[in-house]
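Below you'll find the structure, written out as structure tokens, and then a few comments.
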Amino acid sequence: MAESDSGESTSSVSSFISSSSSSRLSEFVDAKTELQDIYHDLSNYLSNFLTILEETVLLKDRQMLEHLCAFSSRVEAIAKVLSRDRMKVAFFGRTSNGKSAVINALLHEKILPSAMGHTTSCFCQVQANGSNETEHVKVEQEDEHMELSALSQLASAHSPGALKPSTLLQVNMAKNRCSILDYDVVLMDTPGVDVTAQLDDCLDSYCMDADVFILVLNAESTVSRVERQFFKDVASKLSRPNLFILNNRWDKASSLEPEMEQKVKDQHMERCVNLLVDELGVYSTAQEAWERIYHVSALEALHIRNGQITNPSGQTQQRYQEFLRFENDFSNCLAVSALKTKFGPHLLSAQKILNQLKSTLICPFIEKVSRLIDENKERRANLNAEIEDWLILMQEDREALQYCFEELTEMTQRVGRCVLNDQIKTLIPSSVLSFSQPFHPEFPAQIGQYQRSLCAHLDKLLEDRVLQCLSIPLQRKILDIEKEIGLPIAENSCDWQLIYGLDCQSYMSDFQPDLRFRFSLGFTALWHRLEGNLPLHASPFRIQKLQNGHKKCSPLPPLVNGNHWQMLESLVKSKGSLGTVLLSAMAIRSFNWPIVLILGGLVGSFYIYEYAAWTTAAQERSFKSQYARLLQQRLRSDVQQTVSGFELQLRQHLATVRNCWEAQSNETLNDLNVRTAELTKQIQSMEVLQLSLKKFRDKGQLLASRLGDFQETYLTKS
């Protein structure tokens, strides 16, 4: 009954201690999961921020992008390391001290080769395998996976196929096979510090990253010089490492001389405390060192756990409780140490990255965007003011143009009327008189050719006069206006001129000159001279002129005396001759014959003189006089119509100038509106960007707060 009670007591104590140690180890798993989540969010945070910077032209800064990419790469690297971070326990000691047996006891199952003598031939790293992997053993840096049963051949020094001492053999087991592996704990078994002196590099590579170092001693002997030297080397490389000393095989040592058990135990404690405090300096007080020294039997603990010992004795229970105390203490120490050593640097790195990101990127970018928003708002306000000024200027220029156009129109009417009247009054008579070409009145066809040549001559002179006196000045004034309002000088403006097609031939198409001889003292001539108008025979049907052009037709033949007899016949038959006869009869009755004869002689002399003077030149002068008077008369009647044509041409060209100016002004206005719209769009996009950056800053602060909570939860209280 006593043995049963002791068994139940041992079971309850074991359960309590196991629960306590498991809770501490689970903190590591929880902390690792939480820190992985934080780093995952931090990676997404940096990735999203990098995307914003790459898509935003205003914030593109090569150096900043490189810094951000470096942060992102660093976070990814730490996240990969963090996923591999596990709590690591390294077991050291001479061969045959029971290192493998201690590990098997922790695993609750004999996994590693364990026997008397030199057993473990290489470094064995026992760890949980991946979720999709089967249990296997694997030599480091090799891809071949071997069954777990191959462990006895590869890791046992008694096997001919044993690996070299410098080789690392990874033993991957299922998490549910052993509770300690479920908490990301890695157990490192070593070949023995006394196997060879050339294992320093391997120890540095495989064991120096351990969170807890356990020195397994043989309780049947004392600490050897090799073991002392090894831990001195460890203490020199690490700052106050967590060292535990297991005096294994205490069941054997205590059974040799039971009466000396306590003295031997005290001797072991004294020497171990001296090693930990005085020689290694890893603990400050003897009490701290005392709590890290244990007297156990790993083989007994394994047998109890696998059911080989069902009714342990009292001493066996004491040794097993000591092993449980060791397991609990090292688990707590392992969790605390691993939290600090594994997660402390990662925590500081994340905090440093967030602080640097905030100080070098986010805050400067928020300030830069705010400054750009203010600058663009100021530019937009200036553009709006410029648009208002431009609208006012356009209205002023429009009114000024209208005033200039009215002045030009009035000038065109005034100058055009003056030029045309001056042409009619002075230029036509002088130009007709100065025209020189052979004149043959006896040939009607030649007179028609003469008239056409005279018309062409006048057309050229009159058109040139209008061009010089009206068209060119108008062109210059229009060019000055275009320069004043800032219009580019177009080719059509330089080539523009008034169109003035005179075509005198059309005006004079029904002109029929009277080149017959008329005595100046004849009654008909005197009568018409009194009336002030010499008759010019013309066709009763005048061809109507077209606007800006006239119909062409052959000139009418002139009225001339065919020969002397015809001229005499016309004199006899004419009204003037009859009047002369009547007047002579009255003179004979009123005066005496001598007076009548004298007067008749004088009149006859004048007649003979005029007839003799009626030469070709005189007929040409008469032709020109009749032509000039009729052309003046007809042009004078068309002055207003011609001036109206000038005004219409000017208005059409001024309308073109106005349209060009309106188009250019509207183009400038549209450009200002487009620039304003672009600035508004930029401001809106930058405001969205500013809001995004502020959200990123808040997310960064949230991540920093999570890191602070993590530190408070898992690191500070430890």
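From the backbone N, Cα and C atoms, a Cβ is placed for every residue, glycine too.
Not measured: the values here are computed from a predicted model.
According to Swiss-Prot, the feature coiled coil maps to residues 366-402, out of the candidate ranges 366-402, 403-439, 514-550, 551-587. Of the residues proposed, Ser149, Ser205, Ser284, Ser297, the one Swiss-Prot records at the same GTP site as Ser96, Asn97, Gly98, Lys99, Ser100, Ala101, Asn248, Arg249, Trp250, Asp251 is Ser297.
Ranked by number of Cβ pairs under 8 Å to the region 'G3 motif' (189-192), the listed stretches 93-100, 248-251, 283-286 are led by 93-100.
Packing against the region 'G5 motif' (283-286) from elsewhere in the chain are residues 273, 276-277, 292: each is 6 or more residues past its ends and has a CB under 8 Å from a CB in it. Mean pLDDT for the domain 'Dynamin-type G' (83-364) in the predicted structure: 86. According to its DSSP assignment, Ser297 (GTP binding site) is coil. Residue counts of the region 'G1 motif' (93-100) by helix, strand and coil are 2 helix, 0 strand, 6 coil (DSSP-based). Residues Ser96, Asn97, Gly98, Lys99, Ser100, Ala101, Asn248, Arg249, Trp250, Asp251, Ser297, recorded as contacting GTP, have a largest CA-CA distance of 17 Å. In this structure, the binding-site residues Ser96, Ser100, Asn248, Ser297 were compared by how many other Cβ atoms lie within 10 Å of their Cβ, and the smallest count belongs to Ser96.
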